[in-house]
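Asker: Sharing a structure here in structure tokens format.
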């Protein structure tokens, strides 16, 4: 069988390269040309965010040299993780073309719940966290029930949820208004201090490149055997080496200060797991399909209701997780937790990162990139000692620019037949 | 000898046959006493005016609607098509008019939508190979299976939809208006495709309003009128015959129009000295 396929590959044209009307690029240079072609036709991917991030960093660094110091960046990573996890959940609901406006309230409520159960009621901390996550999942389950049974638009149901859950949070915290989490406890240490040992950060950076290379190599070999076009070994190696060099440098730079926070490690781990689930599993395919064309997905035998339910439940659960991480970061569960800009930052992060508001287009990495943009702006403006009024205005402008870039890119994709 | 007799008997036995199928929606009878036979390797065209019951009939066959009375026999056994997946499971695949493709997904993802290999670790390589095999069997001209469906033309999308319906090796395939909204060249491509599907030994039921397309590929033309059988024709039937069966009268708007033109031509000939 293998022999046969090999012969086929060496004699005839490759199975997916038989149509001579289509131009195919080969090798490292070809991959680069194909990338430029894609960008020109409006398939921008993460490019606008990365360019935007470079501009933002350059501006803030020139205004205040502390901005890119290792110390500030480590703080940035701590701050990213909490809202980032919430944004990751928002990506899920945006993928199916819905929205969850209550993520901020749910995060605040879950932090309050952990505070009450753990500190006031004396539950073991793990049990309190699990309970908060389950309650988060139940809230998402309620939204999906309202959506699937009554056709209630998620915009309305989660708006109602925003108020109701905020009320629950205030009720739980009662008259005292806030609960301090004990310093020195593992949860608070995790949120404020715990960083990876140097060797772990270096090892993880190397592992990431290695896994990327091995997965790519395995796919390339299988495709070659089957008579399909495959990536060249050189481009695979190049990609892995570039990734390793970048990650090792970042790890080294963070390690000149405190190091890479475990909390950020958890966030990135969740992003990678979500990316795998969204691109390599049947569930992720269904998520994309429902977001792209609900009726087509239904006729293809996908249980559309279950897909919606999974998106809402995941979003609320991740919002609850983000809330617990935020409580750990601040060492308190307060009435202010999850209010203010948490909600909008989480949604804005997903959108700035490149997830479409209309469903069917997006990636888990958009949460990571988007939240880094937003936290960079916040951190830069804090360093410049500017008030939050400016911070809101600038974040709003960046969000508007991100959506404009997305709309323009979409128009270009349509005219290039890639929409 | 007995083998051959059996073989021919099987050939003549219909894969799918309907006897006395009726479907009522409240007081309205959309279908009344419909008989229909589909043989392997045969294209049956279903024609009729708007509201004749074509789409209802296809939906009954696809398992979307359940008949009020009558029997459906599939491969010699009576069956009930309680839902679309039951029909699909038996081997009756349907390509609806609005192809129901996800434009944001690529061709492979669309062909395997809902039937992905290895749910927890998608086997993209095997799926891509199978997709190419299906498309090559149909001699389809798709430039790349890794482009989103949004970048394909109408005919190519129809091809993808048909390839998807062939994934489960059906015995009968139902096509609802496969050439509507297609240009001349793309229509020809789709008609070629239908012939190749028939040559694979599948029974094809095709709904169409376009008499030219119907006559080009159909082996039999079944006319429905007001929810009843109104005659079976062969591709050599004249347009006149088909139209009068479809509209239910030899005196209809189409024949009147033709009559007017004839009269006008005669007038102009008479006017000539």
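From the backbone N, Cα and C atoms, a Cβ is placed for every residue, glycine too.
OK, TrEMBL features for this one:
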- A:42-60: transmembrane segment (TRANSMEM)
- A:72-94: transmembrane segment (TRANSMEM)
- A:125-147: transmembrane segment (TRANSMEM)
- A:154-174: transmembrane segment (TRANSMEM)
- A:194-215: transmembrane segment (TRANSMEM)
- A:236-254: transmembrane segment (TRANSMEM)
- A:260-278: transmembrane segment (TRANSMEM)
- A:307-330: transmembrane segment (TRANSMEM)
- A:342-360: transmembrane segment (TRANSMEM)
- A:367-384: transmembrane segment (TRANSMEM)
- A:390-409: transmembrane segment (TRANSMEM)
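Surface or core, plus neighbours and distances: that's what I need for these features.
Answerer: Residues 66, 100, 103-104, 107, 154, 191-192, 195, 253-254, 257-261, 263-264, 266-267, 270-271, 274, 287, 310-312, 314-319, 321-323, 325-326, 329, 342, 345-347, 349-351, 353, 355-357, 359, 362-364, 366-368, 370-372, 374-376, 378-379, 383 of the same chain lie 6 or more positions beyond the ends of the transmembrane segment (A:72-94) yet place their CB under 8 Å from a CB of it.
Outside the transmembrane segment (A:125-147), and at least 6 residues removed from its termini, the chain residues within Cβ reach (under 8 Å) are 98, 100, 102, 106, 109-111, 113-114, 117-118, 153-154, 157-158, 161, 165, 185-187, 305, 308-309, 311-321, 323-324.
Within its own chain, the transmembrane segment (A:154-174) is flanked in space by residues 93, 98-102, 104-106, 108-109, 112-113, 115-116, 139, 142-143, 146-147, 312, 333-335, 337-339, 343, which lie at least six positions past its ends and keep a Cβ under 8 Å from the stretch.
Non-local neighbours of the transmembrane segment (A:194-215) in the same chain are 74, 236-237, 239-241, 243-244, 247-248, 250-252, 254-255, 258-263, 265; each lies 6+ residues outside the stretch with a CB under 8 Å from one of its CB atoms.
If one looks beyond the transmembrane segment (A:236-254) by at least 6 residues along the same chain, the residues whose Cβ comes under 8 Å of a Cβ in the stretch are 28, 70, 73-74, 77, 198, 201-202, 204-206, 208-210, 212-213, 216-217, 220, 260.
Long-range contacts of the transmembrane segment (A:307-330) within the same chain: residues 78-79, 81-86, 88-90, 92-93, 95-96, 98, 100, 102-104, 106-111, 114-115, 129, 132-133, 135-141, 143-145, 147-148, 154, 181, 187-188, 190-192, 263, 266, 270, 283, 286-287, 290, 297, 337-338, 342, 346, each at least 6 residues beyond the stretch ends and with a Cβ under 8 Å from a Cβ of the stretch.
Counting residues 6+ beyond its ends, the transmembrane segment (A:390-409) has Cβ neighbours under 8 Å at 42-44, 48-49, 52, 56, 341, 345, 348, 351-352, 354, 356-357, 373-374, 377-378, 381-382 in the same chain.
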